[in-house]
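*Asks:* My structure is below; once you've seen it, I'll send some questions.
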Amino acid sequence: MFKFAALLALASLVPGFVQAQSPVWGQCGGNGWTGPTTCASGSTCVKQNDFYSQCLPNNQAPPSTTTQPGTTPPATTTSGGTGPTSGAGNPYTGKTVWLSPFYADEVAQAAADISNPSLATKAASVAKIPTFVWFDTVAKVPDLGGYLADARSKNQLVQIVVYDLPDRDCAALASNGEFSLANDGLNKYKNYVDQIAAQIKQFPDVSVVAVIEPDSLANLVTNLNVQKCANAQSAYKEGVIYAVQKLNAVGVTMYIDAGHAGWLGWPANLSPAAQLFAQIYRDAGSPRNLRGIATNVANFNALRASSPDPITQGNSNYDEIHYIEALAPMLSNAGFPAHFIVDQGRSGVQNIRDQWGDWCNVKGAGFGQRPTTNTGSSLIDAIVWVKPGGECDGTSDNSSPRFDSHCSLSDAHQPAPEAGTWFQAYFETLVANANPAL
């Protein structure tokens, strides 16, 4: 499994590398590719995107995508990645993504409050960049129907985050949720999921992509020493499985959250993470619409760092692409579909954190690479903005019940309001430091 990742890394580092044929799963084409364009016996070169064509085993290569040796592969839509193939395919292919009117209103008001005309114009442009809608309380769920109706009228794809597990955010405090296990939280969560599924069922012609429960399963990999996480372990698993099954039944394409390179990307965490995700997949009945994994949700890591940030010392998976390429073969071997989406909404500026684990309103951050399906990797379906930039990570007020000490560290922007509320000063920083510039 590691040989495959190593081969991809070598090919990317040495563009002039040439061999007679690419091996199974090796690269065989793409913009700028100068290596071999023929595949080893028993495999066929298949275009995954404009930047990457891959040698797939003949029994996995669709007949319509077969190419002749030495030619540029034709445009095609394939499932990408390795391992089990979801029934949905890449949900972003050929789709326009719906813009949240709620976030657009937040951005418009924020831009109106900026006195610098140039910065205000840049800020206003953020409203045209699609982000996910977070359903972090059951009270927000009734709004989903209106969003779906609007998207249907425009023939657009809707992106949502399912985020309301009981005893949520078990290893931190800033985003503690409304449900507790001590107060029938798991059943309340299932009712919340049922309400989401019921809304989506009314719009079978609208494509929906969902990120499932940020941080939840990652906490079960690394933080079972925290009593709250240990107590929530079975409920997290049962809740995620329930959500996946219910949303699968109404055609939602799903990506389970898997933390980021500085969390599950450490070598010791990769295999346990892959095994946990595979267990969830099997226990949910191998749902055809569970497409894969979401990484870097609401975090700040680069997809492809120009050089390792000093805070990543000791981890060869120092950015999201290294993490993804290390995790993907383990997922595949464990029987989990290895397809990814990556949040780059606030990853425009690197080398600004004191510690890799600093996650709260990181000072000096900027908006990052815009959402696209031109990801440069067959493993990655899309670069996305899951976290709506400008909505706060957590309060710096140490008297708040949801105060987390990470939000008062020296590399956290302060003073900061409660998690999820608008943070004007931070939004202006994200706009000013955007890379690429707005």
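Glycine too: its Cβ is placed from the backbone N, Cα and C atoms.
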*Asks:* If you pull up Swiss-Prot, which of Cys360, Cys392 shows a disulphide to Cys407?
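*Replies:* In Swiss-Prot, Cys407 forms its recorded disulfide with Cys360.
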*Asks:* Looking at the recorded positions Cys45, Asp215, Asp393, Cys407, whose Cα is closest in space to that of Cys39 (disulfide bond)?
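*Replies:* That would be Cys45, nearest by Cα distance.
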*Asks:* Show which residues of the chain containing Cys229 (disulfide bond), separated from it by at least 6 in sequence, have their CB under 8 Å from its CB.
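*Replies:* When sequence neighbours closer than 6 are ignored, Cys229 (disulfide bond) has Cys170, Ala171, Asn219, Leu220, Asn223 within Cβ distance under 8 Å.
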*Asks:* Taking every residue in the domain 'CBM1' (21-59), what is their average pLDDT?
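*Replies:* Averaged over the domain 'CBM1' (21-59), per-residue pLDDT gives 65.
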*Asks:* Find the shortest Cα-Cα separation between Cys45 (disulfide bond) and the recorded positions Asp215, Cys360, Asp393, Cys407, and name the residue that gives it.
*Replies:* Asp215
